[in-house]
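Right, one structure below, let's go through it.
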Amino acid sequence: MLTARPGAFIDAALTAPHAFQADQWQQSSLTFTHHMPGVVRIQPDNPTVSRCVVLSSGIHGDETAPIELIDGLLADILSGALIPTVPLLLIIGHAEAIKAHTRFIEDNLNRLFGGWNQEKNEEHHLANQLQQAVSDFFAAQPASMQRWHLDLHSAIRDSFHYMFGVIPTTSKATDVRPLAALLNDAQMDASVLSQSPSPTFSWYSANHHDALAATLEMGRVAPLYENDMREYAPLNQTLRTLLSETALPSTLTPMRFYRVTRTLTKHTEQFALTFSSSAKNFTPFQQGECLATDEGMSIYAEQDGEVVIFPNANVPVGHRAGLLATPFRPDADQPLYVNTTSA
């Protein structure tokens, strides 16, 4: 049985699969199910709030602040300091990458949540397990419950917005104002609304399970236990509100909003970004500036103020090498849709 000791969930998540023993126990009005390393389900006997929540971390092994935050939440639940009133699934994902302090071992795990994978390596196997865990969790809850999934990450480069969320597009029009308001309450600097489907963990829950979902970027990567968790105190408090309070925040300001307009895709090995490799996320460009070249083709900024997010030329051919986005201000009195074509 897991204990309330800080770090206990992290230690359990890093347990070798052959040494792991599944466990279930009752504590006060909560049932805990620890059915695989790094995955714990918490079910209140009588949920008093009509929502269910997935909080995931460690999908990339070197992004450690989210891992410590999730571990701290579970420690407080086990100690009785935090009593969730909603069904909850907590995840610390990629044990082998965490132990190696690397983003991934063979394949980027956060590009493998598009459905069932042929299990050619550890990442493909793990993606299948995590998709199944999320599907089973949501299926066990009443259909009337509002579903949430926040997938917590850290950025690998500096950013003009230190903390921001990326809200995935889905095939179904969903008003994401409740999600955006929650991110604003967590003092996230910006929300980015995606343009096209991408097989990330948050997209899986949004598209396959109609969840309010987002990928949250929390600061910069750092070694495990070397994060200044005081930086994430507002997010920590907002997550506790999500898990235990009936009423959620509803204000969208002062957070900044961006819509993705284009995806930079690496089509050949000749692909190159024309700006500095150390450029920050949300670096703005002027209309007509060249952003990238690829086998004789040039890509230019289409308007003043277009920004780049997640620029990375060192990805496999066919993969995303960056996002281009433009700022906008939503009308708080109108539905906020990610995929404007489906609204």
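Keep in mind that glycine also has a Cβ here, set from the backbone N, Cα and C atoms.
TrEMBL labels come from automatic prediction, so no person has curated them.
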Per TrEMBL, HIS60, GLU63 bind Zn(2+); matching candidate in HIS153, HIS161, HIS208: HIS153
Neighbourhood of GLU217 (active site), C-beta criterion under 8 angstroms, separation at least six: HIS153, SER154, ALA155, SER159, MET163, PHE164, GLY165, VAL166, ASN281
Cβ neighbours within the same chain of GLU63 (Zn(2+) binding site) - under 8 Å, at least six residues apart: SER57, ARG103, LEU152, HIS153, SER154, MET218, VAL221
For HIS60 (Zn(2+) binding site): intrachain residues, at least 6 apart, with Cβ closer than 8 Å: HIS94, ALA97, ARG103, PHE104, ASN108, LEU109, ASN110, HIS153, SER154
DSSP state at GLU63 (Zn(2+) binding site), helix/strand/coil: strand
Non-site residues, in chain order, whose CB comes within 8 A of the mean position of the CB atoms of HIS60, GLU63, HIS153 at Zn(2+): SER57, GLY58, ILE59, GLY61, ASP62, PRO66, ARG103, ASN110, LEU152, SER154, VAL221
